[in-house]
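I have placed the structure first, in the form of structure tokens, so that the comments after it can refer back to it.
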Amino acid sequence: MSEFPPNDKQQTLINSTEGLYLVDAGAGTGKTFTVTRRYANIIDQDGVDPEDILLVTFTNNAAAEMRDRIVTQSNYGMRELTDAPIQTFHSLANDLLEEHGHAAPTHLGIDDRITGSTRLIEDALIEKALFREFINQFIDTNPQYDDFFAAMSDASQLLDLIKELASKGIFPDAEGWHRDGESHLDGEFEAFESLFEQVNEPRNDGSKQSALRSKLYRYGQNKVYTPEAPAKEEIRGDGKQVPTGVAARVFEEDRSELKAFIHDVYHAYLSFALRRNYLNFSFLQLFAFVLLCEDHDVREAVNFEYVMIDEFQDSSEIQFKLSLLLAGTSNICVVGDWKQSIYSFQYADVDNIREFEGRLERFAAELNSDHERIEFPLSPVTRRKLDTNYRSTQSVLDFSEHALTTPATGRDSVDVAAIREKVTSLTADASYDNSVIEAIQSEDEQEAILAKIDEIVGNDRYAVEGDDGELRAPKYADITVLTRTRDFGRELLEIANQYDLPMAYEGGIEVFRTNAAKLLLAWLRILERDADRGWALVLEEAGCTIDETQAVLKHETYPEAMVEFREELSELETLGGVARRVFECYGCEGPTADVVLHTIQSVQETTTLTRGDVIQFIEDAIEAGSTHDVNAGAGTDSVTVQTIHATKGLEYPIVILANMNAHKFPSSGGRGGNIMYTDPVGLRQRKHYSEAHGVPYIYDNWKVDVLRRCLPREYDEERRLLYVAITRAENHVIFTAGDSPNTFIEELPVEITDVEPDLSSFDLDLPESTPFEVEITTQAGTPRFSPHTFIDEGVFEDGSGGRGMEFGSKVHEFAEASALGESVTPDGRDETNVQSLLDSLDGDLHAEKQAFLPLDVDGERVTISGVIDLLHVTPERAEIVDYKTDLDRRAESEYQKQLSVYYHVVAELYPDREVTMAIFYTSDGERKPIEPLSKTELRELVRGVRNG
DNA sequence: TAAGTAGGGCTTTTT
DNA sequence: GCCCTACTTA
């Protein structure tokens, strides 16, 4: 960035030191430069000391950089600024608690102290392990909450909820909730109702049902509701809209017990953490807030005369409130760019910057409700803009704006005019504009990326600006590959290594998703209980096909060398030793394996985990994709791969925006995952538990099912992510996609070119073979054709699939309910038919059974397999039932072929029974008998498939 | 021909 | 849970 001297707008801001400022500083507009200059300007005034100015950043790196730059721009030296409050919210909170906050927990009715030895738990996985320890203990000592835990699939999700509440400033105290916290848990009916009405508007001038009604057409499917749950027809109504009364009906619920439960878990966990002498990031801010809120002397003692907050779009609700408590005057300056707000999962709330004035008023009023805590005036707020971009060409800047208004899905409608109005367009400072903006698509996307990089390097078409300001041909180091997911980047890196293309991954790697960690997990599973899941992976690694693996698992004929290795491992005393031996055996070395080893050892040291717990820990780590920094020594001239989130603030001459594929880039917005969630619908539990007929049983909560459908999916943050990625580029932007380009890339004003990657000039360097040579001698290993293969080959028409599986699980559900003496209200056509079918049957039911039929075709052994929807066995008969909708009736003859595969298997299984087949139609409940084809006829079919 | 219904495939980011 | 696509219905 060449921004010397400051431009007019920067200079104005640098000079405006008194009063409230909201600064819209877009990408590459010299924000850091201006902020540090402003800081230098303030500090050079008479009577102002470094400790009077708070400068908040969001990363420690940013804080260090700010400090460096201030030193070069002010009369102060590094030594004088060492203790200056230029830091993150978290480290500020840490300092505050250390100095003044030992008694902070008492304000929440917790009789424990924060001490100098209180640790900060930074590793999310370690905290999760500690939380699990806590919650198990809590469950044991609080039997009154058994109902709640019974309805939860994973109690550790409560930790996410606690952290979310903490980020909003909702804390428990001894009696209830701190200050007005509880009101946020109740939700607001008006807010919910307006959401409800929005999604319940009929579309196409009233001729089309509302989005909500459309979504609810599957209400109750694969669900078991309590008998009081209204029928689908009642919920959906018979017009174009869901009846208005439904909004109130789903909202109204007595949540007092649920709130009490959450309160007690939350409060007990805070106590547990303090007792065990640790805090997490959230609790650091929580106690700092409580301290500043309740201890008026401390608050007044730490007040700052000037407050500056950088990257304000990344702040959370509690951080906004903390800022107000920390400010002693109205000299507050927040700097940020709403277009770059991409950290909502870290509780960043983009409305802090978008609705700045409104929130300022509201938060201050809340804080002043019982005591004058914010004493300075809240207006006027002066808005300022920085709009000269020193990074990119005008082409890149103009193009980047499209990202903010691009529909993310086929039906996503964007209010283009409204967004454009809020965007401050940037003007490029660059004197040239040579940008190439292009998109490529290939079945082998990763190879295509490597080929593209090879094409770019040394190519004047992609010229970049050199240190002397002249354009020159690009090097590897000029290129960065940005992806949304770490997965893709890691795989790309592996392939690049195979082709010897210089590439380095920057940022945290999901070390537990590497092969080394998966192998370790597999062997631990084998040691623990000979688990099939462990053996399967180990066998696969040794080169077994899926069929061979299945055969080995079934007969437990594990290869001798592997059994010996297991014995060897079982004699090792520590898990660290096991890990080391496994890695040694498979030749896993290097920094990644070291990190896995180190983490396993430290988990065992800090907690009291058994081997089974460690298995669970690794499973969590894989699932959570938890990352650890790995120092992979990269060469000097190499391509950088990183996630978009990791690149904020950085810039590269050439950006390759990869993996622009459907289901990859525009991912789930909205809210999901947690079983409990808040705002605007209040605290809810997804399932609830009830005692019926003395047998515990869990029902789905129909109200939550409806509520969730009222909360629309938002893609705004996805668009901003795309924007952030594009604005990293100084000169060129290249999008890449596989065979399913997403809507974004298709809607952006860039042409997509199909390419065939040519990597023939590279030397392919494949990894070594595995340590176990396995020879499997069973019938398995021959090609196996499933009915789906037939479909793929065009022998059967498409149209089979999910219904049968759904039917199978329905059968389980209903049968289980019936065994428990439950009465489940059949809801909808499918359920009614399942129920009537079950009523008409006696004997044994087998749902979702897989069958394999071996056939000799032209002297070769071929196995055909498939899933049986339902097998009904009585002493006399065995009936195969396939479940179809009316939709499929026309394909009856095709299903006859499929069912016949099962027929012969069942006939062999039950030689003394009469085997029959039937298709059960859901539309009218008709049960239609089907005649089986002979083996000869099936052989003919296989021949047809194989000969094309 | 537009609207409604059903089935298949997918599901992340980290101070 | 949601989007896309294929199919049915009025």
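Here the Cβ of each residue, glycine as well, is placed from N, Cα and C on the backbone.
Annotation comment: TrEMBL describes A:Ala25, A:Gly26, A:Ala27, A:Gly28, A:Thr29, A:Gly30, A:Lys31, A:Thr32 as ATP binding site. Taken from TrEMBL, the feature domain 'UvrD-like helicase ATP-binding' covers A:4-393. Annotated domain 'UvrD-like helicase C-terminal' per TrEMBL: A:394-649, in sequence order.
Each of the binding-site residues A:Thr29, A:Thr32 was scored by the number of other CB atoms within 10 Å of its CB, and the largest score is that of A:Thr29. Each of A:Thr34, A:Asp337, A:Leu386, A:Asn389, A:Tyr390 belongs to the same chain as A:Ala25, A:Gly26, A:Ala27, A:Gly28, A:Thr29, A:Gly30, A:Lys31, A:Thr32, is absent from that list, and has a C-beta within 8 angstroms of the C-beta centroid marking the ATP site.
Figure note: comparing Cβ neighbours within 10 Å for the binding-site residues A:Ala25, A:Ala27, the maximum is reached by A:Ala25. The 10 Å shell around the Cβ of A:Gly30 (ATP binding site) contains 23 further Cβ atoms across the protein chains shown.
Its Cβ taken as reference, A:Gly28 (ATP binding site) is surrounded by 24 other Cβ atoms within 10 Å in the chains shown. The Cβ of A:Gly26 (ATP binding site) lies under 8 Å from the Cβ of A:Asp337, A:Lys339, A:Leu386, A:Asp387, A:Asn389, A:Thr424, A:Leu426, each on the same chain and at least six residues away in sequence.
A:Lys31 (ATP binding site): 23 other CB atoms within 10 A of its CB, across all protein chains.
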